[in-house]
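What Swiss-Prot records for this protein:
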- Tyr148: active site, proton acceptor (ACT_SITE)
- 11-14, 34-35, Asp56, 83-85, Tyr148, Lys152, 181-183: NADP(+) binding site (BINDING)
- Ser135: substrate binding site (BINDING)
- Met1: N-acetylmethionine (MOD_RES)
- Lys40: N6-acetyllysine (MOD_RES)
- Lys96: N6-acetyllysine (MOD_RES)
- Lys195: N6-acetyllysine (MOD_RES)
- Lys169: site 'Important for interaction with acyl carrier protein (ACP)' (SITE)
Amino acid sequence: MDKVCAVFGGSRGIGRAVAQLMARKGYRLAVIARNLEGAKAAAGDLGGDHLAFSCDVAKEHDVQNTFEELEKHLGRVNFLVNAAGINRDGLLVRTKTEDMVSQLHTNLLGSMLTCKAAMRTMIQQQGGSIVNVGSIVGLKGNSGQSVYSASKGGLVGFSRALAKEVARKKIRVNVVAPGFVHTDMTKDLKEEHLKKNIPLGRFGETIEVAHAVVFLLESPYITGHVLVVDGGLQLIL
């Protein structure tokens, strides 16, 4: 199998760390983000012949066009990472409906659409590997994150069901569920207070999550699995 990987949400955070690690391991990368300039900057930092694309994962025609373009320029995609995500914290009673919809569209529907688009090629070539980036709150829930928790919890159910659907085609689907990790999404959190509740006593780094993502991408006998990377936080939630 060729080593062509599409990383959605690859311009920053966990997605960018995944792209960096995979580039070092010899993969050809498509770095995909809503902001094309950010994607180009991330792809440029990788060196080599990696490419950047702009895509709003919540729009099916955007996703379809992106896959057509990246396969035209890089070849068939056989590895897919879904790391695009947004979060708008707030109590449910104070959350605007449009904010609910945008989180569900980006965090859940977006991954569904990219997986659907990738299936055509992966089924044709009888093989592929997908890792969707979830969250520990999708498994445990968290006050003030009911919508985000729903989107990430839904991603787990979707991934497990899809893993069953495509296993006979030699396509694997797994989830990595991070806890608190240093990203733009967590930069405003009260780290000193929160890390006291983490058994390992600190926030994680994006590269630590990236190693888990690549492990699942490359593990030929693992599918339908949720790998939690949270410093032990799940032990006390």
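Glycine is no exception: its Cβ is also placed from the backbone N, Cα and C atoms.
Shown here: features listed in Swiss-Prot, placed on the structure.
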residue: Ser11; record: NADP(+) binding site; DSSP (3 states): coil
residue: Lys40; record: N6-acetyllysine; DSSP (3 states): helix
residue: Asp56; record: NADP(+) binding site; DSSP (3 states): coil
residue: Lys96; record: N6-acetyllysine; DSSP (3 states): coil
residue: Ser135; record: substrate binding site; DSSP (3 states): coil
residue: Tyr148; record: active site, proton acceptor; DSSP (3 states): helix
residue: Lys169; record: site 'Important for interaction with acyl carrier protein (ACP)'; DSSP (3 states): helix
residue: Val181; record: NADP(+) binding site; DSSP (3 states): strand
residue: Lys195; record: N6-acetyllysine; DSSP (3 states): helix
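Neighbour counts were taken at the CB atom with a 10 A radius for the recorded positions Ser11, Gly13, Arg34, Asp56, Lys195; the maximum falls on Ser11. Cα of Ala84 (NADP(+) binding site) to Cα of the residue listed as 'substrate binding site': a distance of 12 Å.
Within 10 Å of the C-beta of Ala84 (NADP(+) binding site) there are 25 other C-beta atoms, taking all protein chains into account. Remark: of the binding-site residues Ser135, Thr183, the most isolated position is Thr183 (fewest other Cβ atoms within 10 Å of its Cβ).
Packing around Lys169 (site 'Important for interaction with acyl carrier protein (ACP)') is summarised by its Cβ count: 15 other Cβ atoms lie within 10 angstroms of its Cβ, all protein chains included. A Cα-Cα distance of 9 Å separates Tyr148 (active site, proton acceptor) from Ser135 (substrate binding site).
Taking the recorded positions Lys40, Lys96, Tyr148, Val181 in turn, the residue surrounded by the fewest other Cβ atoms inside 10 Å of its Cβ turns out to be Lys96. Separating the Cα atoms of Lys96 (N6-acetyllysine) and Asp56 (NADP(+) binding site) is a whole-number distance of 21 Å.
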